[in-house]
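Peer 1: I have a structure here, written as structure tokens, and I will follow up with some questions on it.
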């Protein structure tokens, strides 16, 4: 086991504080509408230019092991805020730095660290409760666009495109962000339910110019097994041919003789048909087949529930207005499912999302929810260069997380004002002793830090602005982009309540633990020889008399 170096008390805390300040100073430069850029060297390719706090934090590793521990703990603050709300990483870092700096001063002055922590925890609970009272629901498109704009560093085009996407696919819809090919941002919305399985044979194509198979007013046969024998399908195929409607078969697989017969029937015009594999695998495939059944008003033909292909009738088949299949995807538009059944399926999936602890399962359930309830929107980010593309894409993703958080828990006045207004919750708050009171007072000063930093980054005097904002009330605050004072909500400067709350909770949780640190342990760096050439090879020895 490698030897360890141990630092106690003040000597360890000073090193930790130095690391906290290095990371926080790099991250906080990006805060606010006039936040600066940070350039990050990459091992290959062009450097990355970003204003995204968590991207900056992730890149920082310090040489001194004790300083690095401080930096990594603040990095954890940013990651926690990011995981919880998807944004607010820079605010969380600024708050953590302020709490640690104020807290360690109090510890050096002889305060009890554990009582300081208890005071900070009490004040945090009171401020979080006050933030909930201050928050207002965010439902209209204008408010959503404003939240997106603020999160994307005052880029109106990003806020507007996110609001448009949310309007089209509802708050439960899936919105994905991709790199576009042009200079402008583009939004494309997929109507209906789309899943990532294409036609099983190119012979099903009936629109050669676009290479798609399009079925108008089709019936849907949903089967939870492989189909290889055409005989078991004959009764249902004959019934469909008599009805004179096209048929889409969604099964685990259609192969061999069955697929060949379907292709021949389709080409001869006996029955217009297309076949596709069911999406997903295992239990997820069963669930997705059931989703399609609910959406189209059909029944999944499964031996588990005593149904077989031979006994299938037209009543078991689903209905849709249109189905479009290409090489990779199938889209079902306007399924004829009963609305109450669809709503009950949606609430069942919502319940599963709440119950699962796996991020992967949650993501897949969210996708299923979106396909049933809203749809899928894709924002294609446009930019003039690859460097700009990466920076812009990160901002769009941040803004998307922020708008989702705003819809979830409402909005509060932005620009650091909500935290300053929430101070009224701890005006009369008292701890159990004098040291806890210091912890409460310490947080009172720390929550002003985001506003101070926004003002400093915009080139104004923080103390003057903070004082003027404190004299005001309600939504009154400072617009750093224009240098004006006024009603933050009227000026469109909104923050999601969830982002502000998560930032404060993550910062006070980790920062208060850092204040209570008494010993730090790190590996002793190994003394490696400086460079060193090759070992001496010795002489060549006598070569003898060569003639």
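Glycine is treated like the rest: Cβ placed from N, Cα and C.
What Swiss-Prot lists as ATP binding site is 30-33, 51, 87-91, 415, 479-481, 495.
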Peer 1: Could you find out if DSSP has residue 495 (ATP binding site) as helix, strand or coil?
Peer 2: strand
Peer 1: Using DSSP with the three-state reduction, classify residue 90 (ATP binding site) as helix, strand or coil.
Peer 2: helix
Peer 1: With Cβ-Cβ distance below 8 Å and at least 6 positions apart along the chain, what are the contacts of residue 480 (ATP binding site)? List them in sequence order.
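Peer 2: Result: 32, 33, 34, 415, 454, 455, 457, 458, 460.
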Peer 1: Output the one of 32, 88, 415 that, of all these binding-site residues, has the highest number of other Cβ atoms within 10 Å of its Cβ.
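Peer 2: When each Cβ's neighbours within 10 Å are tallied, 88 tops the list.
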Peer 1: 10 Å Cβ neighbour count around residue 30 (ATP binding site)?
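Peer 2: Counting Cβ neighbours of residue 30 (ATP binding site) within 10 Å gives 22.
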